[in-house]
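Here the structure comes first, spelled out in structure tokens, and everything after it is commentary.
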Amino acid sequence: MEPLITRLVATSVSIANRAGRIVRDILSKGDLGIVEKGKNDYQTEADRSAQRCILASLHKAFPKVSVFGEEELDSRPVPQEWIETTVNEEVIKTTANKLPDTLKAVKDEDICIWVDPLDGTAEYTQGLLDHVTVLIGIAVKGRSVAGVVYQPYYNYQAGQDATLGRSIWGIIGVGTFGHQANKPPEGQNIITTTRSHSTRAVVLAVDACEPTEVLRVGGAGHKVLLILEGKAHAYVFASPGCKKWDTCAPEAILHAAGGKLTDIHGNDFTYEPTVQRRNTGGVLGTPRAEDHKWYLDHIPQEVREALPIS
Ligand SMILES: Nc1ncnc2c1ncn2[C@@H]1O[C@H](COP(=O)(O)O)[C@@H](OP(=O)(O)O)[C@H]1O
Ligand SMILES: [Mg+2]
Ligand SMILES: [Mg+2]
Ligand SMILES: [Mg+2]
């Protein structure tokens with residue numbers, strides 16, 4: 001049998017696809033069932049249903065693994081057709097002979113999975129559909145090592161014949177798959193940041209990094225995809241608003257591709273079950289680990305002091 005990490009990622013790719021289908025079905029039916037959880041913080045029926053699908057499916061396949069999802073839900077039974085049991089063969093094939101030795105012996109109790117059933121909820125409700133992703137991040141002993149980012153509306157403006165949706169996945173030491181890997185353009189400094197959760201500190205930090213262009217878009221998953229595809233040079237978010245489920249999967253795919261995701265002090269995120277949910281130190285992502293320090297050094301002291309280390 002394949003190592004646990006390989007099976008987890010291969011199953012998570014199938015589960016994220018299934019959840020993405022639920023996200024699309026709910027929007028096409030038209031009743032989003034929006035609930036306000038807090039200030040500028042919404043949940044829809046798609047967030048709730050996709051999380052039920054993902055948690056029930058993971059629990060069925062891996063009953064001993066800890067899983068945390070963004071939404072607080074009751075334990076109502078999940079429709080049988082939402083339980084995804086297939087395994088993505090592409091992941092099994094690609095990972096065979098490549099998984100680092102350190103990940104081969106990982107046990108159930110070492111693992112914590114962080115699930116964002118719908119990242120970019122604000123943009124989903126506003127019709128900015130390619131900003132939406134489904135995130136499943138896998139941490140081992142508190143460090144993010146593998147992730148799945150499913151983009152359910154990829155290609156939605158490319159015409160009827162285009163295949164809708166794509167899966168991006170990555171494992172540290174194996175690589176990142178399912179997207180184009182481009183370098184960002186030389187001579188520019190394109191910075192991506194939040195579209196719907198901006199603050200004075202967010203703007204100060206972006207401006208201090210001397211952007212030639214600012215891409216204000218939704219979703220932590222989507223912003224990391226922009227970096228992986230060479231559309232942005234950095235993801236700069238000087239706010240305590242992102243949580244563990246926002247960063248776990250994006251961090252793994254970015255690190256597996258040679259990039260870096262930390263808080264704005266340069267500290268690594270940790271993901272053990274008891275960790276505080278908020279990434280209070282903000283988020284900084286770059287496509288090449290060696291470029292990270294330049295951005296860290298440009299974050300104003302005033303902004304750093306206002307964001308406690310996570
Ligand atoms: N001030 C804030 N309050 C609540 N959530 C926040 C937030 N700032 C960021 N987030 C969460 O972090 C994710 C990325 O934010 P953004 O799109 O603004 O860059 C979103 O995840 P969800 O859409 O899964 O809730 C968003 O809700
Ligand atoms: Mg949310
Ligand atoms: Mg999110
Ligand atoms: Mg979410």
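Glycine residues also receive a Cβ, built from the backbone N, Cα and C atoms like all the rest.
Those TrEMBL annotations? Automatic predictions, nothing curated.
Residues or ranges marked as Mg(2+) binding site by TrEMBL: Glu70, Asp116, Leu118, Asp119, Asp246. According to DSSP, Asp116 (Mg(2+) binding site) is assigned to a strand segment. Sequence-distant contacts (6 or more apart, same chain, Cβ under 8 Å) of Asp116 (Mg(2+) binding site) comprise Gly69, Glu70, Thr133, Val134, Leu135, Ala220, Gly221, Trp245, Asp246, Ala249.
Sequence-distant neighbours of Asp119 (Mg(2+) binding site): residues of the same chain at least 6 apart with a C-beta under 8 Å from its C-beta are Val132, Thr133, Val134, Leu135, Gly219, Ala220, Gly221, His222, Trp245, Asp246. Cβ neighbour counts within 10 Å, taken over all protein chains shown, single out Asp246 as the most crowded of the binding-site residues Glu70, Asp246. According to DSSP, Glu70 (Mg(2+) binding site) sits in a coil region rather than a helix or strand.
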